[in-house]
């Protein structure tokens, strides 16, 4: 029985210790290096100082560094808010640069165009004769291969084989102008591709023609004579956010576990050039060919090897003039009178294109997504068929003019195709292609929207570096594979920015610790200033273990706050400098929105900390128990980012518990503050407290009355139970009748135990008093038992620990003796070493002194011998003469 009692006592003590020290409580950390995906708007920065580019982006200062992180993150170029924003924003730049505001629907009327010109350029049926003649003539020609370079004469004079005149048609039309009640005749010049003419409905020398897009959409013209021109810009994250980049060379547009991650506040520079088929002047070209392949279809972006130096040089020859014609109020149409027939625009390709395309095919064969033929001879580069002109032609911009280039000659040259199945005009292998210009173009971003672009004056030339191509790769079962060039302009920006992802910094972390709120004393304030590494330095510990990162959480939180404030201030400064230019523009509103978002994020974090009672505290202990005892962090091997992913499902529950605990604590503090009012003696006589005093008095009176009633009922029950044994007790060993003599004169009367109360002279004390005595004795016995067991437990523990302490003490004494002996040996050895050194020094000194003395004597003897030589010679001569 005693052993069982000891075990029970030990179990109770262990449970008490566990309850005190092993319960985990929620601890709030502010400044942890963790993040989550975000979709907040980015802002752009650029160095371009032209008017429209400056109004769209903030000035760029090149102060953007990258920091490597020891983390693993997933990246996707297609499901990516950075690329989606770039696609949308480049379109906004394009739309803002041309500023469409005037509807050209009044020009959707019948125009009388020069019939000879419409016949020549194939807009009427009469062109059949011309076309057939041309076909007959060309059919007799043989396959030609024309390769030109910078020094070729035709390049200088813009008269290379196959290039023609620019197809332009002059037209007349009548419409009401500034005077609405009178019609006026206007003369305009159109590109043939912008017109459609009625067939067989010509009168005399005129053909009936209309604008090409009148029946499909609303066409708008520029208000100002501005031109779309590409700029270089970069995207930057708002304060409180960051951009992660996958730095792995094997990244191909999708990687769930990229281990080479860097963080930055801004992206690399990006070119806003818009074109189909090719990407010009990109920033992702390397000394290798690599492919971004969409995860669910065959859309690809192929980055070309910059080693091959692939270029494209386009030119629109001629000295074109532009004449603004006011057609009606608020409608200025930019006409181009034909002073002399302009030559056709054209583009020339330079570099080792054949080897570059060959390497592209080899890279496709090696790609894990590709399952077609491995024979590169069966992989062909093809042009898309059908669709808008922007699809079938290579569409690009050259200093404001949009060129539509027919690429058959180029594909024949690169692929070295057989030309027997092609049309006569296409039966050539050339490294240049003819292009035509349109003023009414289909926008690449929104289907069915057309924009009129006024022609540009003068001779236009533009040189570009080809860095990638957009294509759809399709193959059959081991037979043929086609690399079909694509018009998905949006894919260009997936290659440029697809290795970035936008994340929101989540500096608030929740983790279990053994510390409960208000159980530890406050730490002393560190007076030394913290070296602020900048906002990116805050994420430097993202790959560190939670324990190491939490040790520097104070400095990290200060760095985080300083970085946010610094970025906000810089952003505000540049916005202020651009205040006038940013007015009423989409990008200006977007830039201001990023600043507001950053402030909202910081205030949101502080409001959340305040709701938990942790405002402006880096490490905040709480009284909320950790809800999942089996889920604890590995402080030495687990990062905060990994831990945040594991406890994401608990965040809502923990947040609610923290708020409830803070509300309860505030209530307790309120009650405590109410009690503090009694500290001042004068408050006791406050008039507002008199009503409370009256209430307390009434409560006391009612309590006294109730107590009297209870005492009366107890006394009544006691009288009724007098003389009876308690029904809930065993035979009362504690009950002993105490005989008393009521009257000494009366004889003693023996009464039986258990008899009812009588009027005899003998009676027993009430059993309740004896029962109380019994309880007291049992309590004393229990306390004695507890004391004896505790003493026994302590004595046994002492007996167990005493030998251990004795052995430990003996071991320490032996270690001390050994150390003292070793120290003595070392001291003796050191003294012996010192004596040896001194003896060696003395011996060396004596030896050197003796050697120096002998050397000095030898030198003296030699010197005397040398000095004596003349004297000996003289003495010898004297002896000889004698």
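Placed from the backbone N, Cα and C atoms, the Cβ positions cover glycine too.
Here is what Swiss-Prot says about this protein:
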- 113-170: region 'V1' (REGION)
- 114: N-linked glycosylation site (CARBOHYD)
- 171-214: region 'V2' (REGION)
- 174: N-linked glycosylation site (CARBOHYD)
- 201: N-linked glycosylation site (CARBOHYD)
- 205: N-linked glycosylation site (CARBOHYD)
- 215: N-linked glycosylation site (CARBOHYD)
- 257: N-linked glycosylation site (CARBOHYD)
- 281: N-linked glycosylation site (CARBOHYD)
- 287: N-linked glycosylation site (CARBOHYD)
- 309: N-linked glycosylation site (CARBOHYD)
- 314-346: region 'V3' (REGION)
- 374: N-linked glycosylation site (CARBOHYD)
- 405-435: region 'V4' (REGION)
- 474: N-linked glycosylation site (CARBOHYD)
- 478-485: region 'V5' (REGION)
- 529-549: region 'Fusion peptide' (REGION)
- 592-608: region 'Immunosuppression' (REGION)
- 628: N-linked glycosylation site (CARBOHYD)
- 674-695: region 'MPER' (REGION)
- 724-727: motif 'YXXV motif' (MOTIF)
- 737: site 'In-frame UAG termination codon' (SITE)
- 738-761: region 'Disordered' (REGION)
- 790: S-palmitoyl cysteine (LIPID)
| For the glycosylation sites 174, 281, 309, 474, which one has its C-beta crowded by the most other C-beta atoms within 10 angstroms? | 281
| said: Among all protein chains shown, how many Cβ atoms are found within 10 Å of the Cβ of residue 257 (N-linked glycosylation site), not counting that one? | reply: 9
| field | Spatial neighbour of residue 309 (N-linked glycosylation site) that is closest, considering only the recorded positions 114, 174, 205, 790 and their CA atoms | value | 114
| remark: Quick tally, other C-beta within 10 angstroms, 114, 205, 287, 374; top of the glycosylation sites is 114
| remark: Neighbouring CB atoms within 10 angstroms of the CB of residue 790 (S-palmitoyl cysteine), all protein chains considered, total 12
| query | Going along the chain, which residues at least six beyond the ends of the region 'V4' (405-435) come within the CB cut-off of under 8 Å? | reply | 134-135, 138-139, 141, 143-148, 160-164, 277, 314, 344-350, 353-354, 357, 380-383, 393-396, 485
| note | Reduced to three DSSP states, the region 'V2' (171-214) has 3 helix, 25 strand, 16 coil
| remark: Checked against DSSP, the composition of the region 'V4' (405-435) is 11 helix, 8 strand, 12 coil
| task | May I ask which residues of the same chain, at least 6 positions away in sequence, place their Cβ under 8 angstroms from the Cβ of residue 628 (N-linked glycosylation site)? | result | 650
| Secondary structure tally of the region 'V5' (478-485) (DSSP, helix then strand then coil) | 0 helix, 5 strand, 3 coil
| query | Tell me, by DSSP, whether residue 281 (N-linked glycosylation site) is helix, strand or coil? | reply | coil
| request: Between residue 174 (N-linked glycosylation site) and residue 281 (N-linked glycosylation site), find the distance joining the two CA atoms and give it rounded to the nearest Å. | output: 45
| query | Where does the mean pLDDT land for the region 'MPER' (674-695)? | reply | 68
| field | Whole-number Å value for how far residue 257 (N-linked glycosylation site) lies from residue 281 (N-linked glycosylation site) (Cα to Cα) | value | 30
| message | I need the nearest neighbour of residue 374 (N-linked glycosylation site) among the recorded positions 114, 205, 287, 474, 790, using C-alpha distances. | response | 474
| said: Roughly how many Å lie between the Cα atoms of residue 205 (N-linked glycosylation site) and residue 257 (N-linked glycosylation site), rounded to a whole value? | reply: 70
| task | Based on Cα distances to residue 790 (S-palmitoyl cysteine), point out the closest of the glycosylation sites 114, 257, 287, 474. | result | 257
